Amino acid sequence: MDNFLAQTLAGISPDITQGETESFHWRWQMPGVLELTPAVEVDRALVLSAGIHGNETAPVEMLAALLSALFEGKIPLRWRLLVILGNPPALAEGVRYCHSDMNRMFGGRWQMFEESGETLRARELEQLLEDFYSRRKTRIRWHLDLHTAIRGSRHVRFGVLPQRSIPWDEHFLSWLGAAGLEALVFHQTPGGTFTHFSCEHFGALSCTLELGKALPFGHNDLTQFTPTAQALATLLAGEKPMEGGTRPIRYRVVAQITRRSDAFVLCMDNQTLNFTPFKKGTLLAQDGDEQVIVTHDVEYVLFPNPNVACGLRAGLMLEKLA
């Protein structure tokens, strides 16, 4: 399967939609979706997704390089693998989304948005995961959704984990550290992200990986993501990651800043980095008569964005875990 990324960006369906290499069978399912099934029997299923936001290109380039290595036989495949480029039209245009933010739509929340290409795609991707995870009995299910952040960050690479009713598998968290993540953020409530969906509905060990800052195709320095790319290659091959490295700092979400009206003001400048700390009593945002104030001794901001639509999240506030 040559030129998967180029064909996806061009909106071209391949002439040949399935085939085999020495180590796996591959099948093109729809634009931006490729399934690889190892020739040997495995009990592990992995979803690797990127491009849910079309301006976040570094992870897409990373996935394209991993696919090339798989097809060239440089990496043996020891997982059932589903590769998803989430929003091909937005990727082609170089925009975050064409109509609405798809990463707020999963878990059926697409029904709450005006119908668009993104709502239809979110519905398709939900069905794809249903088919993929249920087709064969698998002991281990992982989903890694690769993103980049709009803003710079005090942690260049970090992970955001969905709410989960049972404790997290420490092996999974250790792998995230081996993949170069400097911090892990744990959600406490449900949400509409792709990883919330896979975790809640299929019991997958899921994480949104934030890898640097959003840049156009061709402008990414992929060397800064070498630890992540190497960890993914090792994972696909069924090998254990290298031991050692620094344990990621852990945070949990303690509050959400929501823009409720056009009067909303975020009391941070546009250069405020992710994980910037704020002391207790600091005014974070104002929306008419409503004020959002830091209530813990120290809280750290994540994803501050005053330009979201009314009713959507304009930021998260975090607390550092011991």
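Backbone N, Cα and C atoms are what each Cβ position is placed from, and that goes for glycine too.
According to Swiss-Prot, the feature Zn(2+) binding site maps to HIS53, GLU56, HIS147. As annotated by Swiss-Prot, active site applies to GLU210.
Shown on the structure are the features that Swiss-Prot records.
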residue : record              : contacts (Cβ under 8 Å, 6+ apart)
HIS53   : Zn(2+) binding site : GLY86, ASN87, ALA90, ARG96, TYR97, ASP101, MET102, ASN103, HIS147, ALA214
GLU56   : Zn(2+) binding site : ALA50, ARG96, HIS147, THR148, ALA214
GLU210  : active site         : HIS147, THR148, ALA149, SER153, ARG157, PHE158, GLY159, VAL160
Secondary-structure category, per DSSP, in which the residue listed as 'active site' falls: strand
Where GLU56 (Zn(2+) binding site) falls in three-state DSSP terms: coil
Shell of the Zn(2+) site beyond HIS53, GLU56, HIS147, same chain only (C-beta within 8 angstroms of their C-beta centre): ALA50, GLY51, ILE52, GLY54, ASN55, PRO59, ARG96, ASN103, LEU146, THR148, ALA149, ALA214
DSSP-derived class (H/G/I helix, E/B strand, else coil) of HIS147 (Zn(2+) binding site): strand
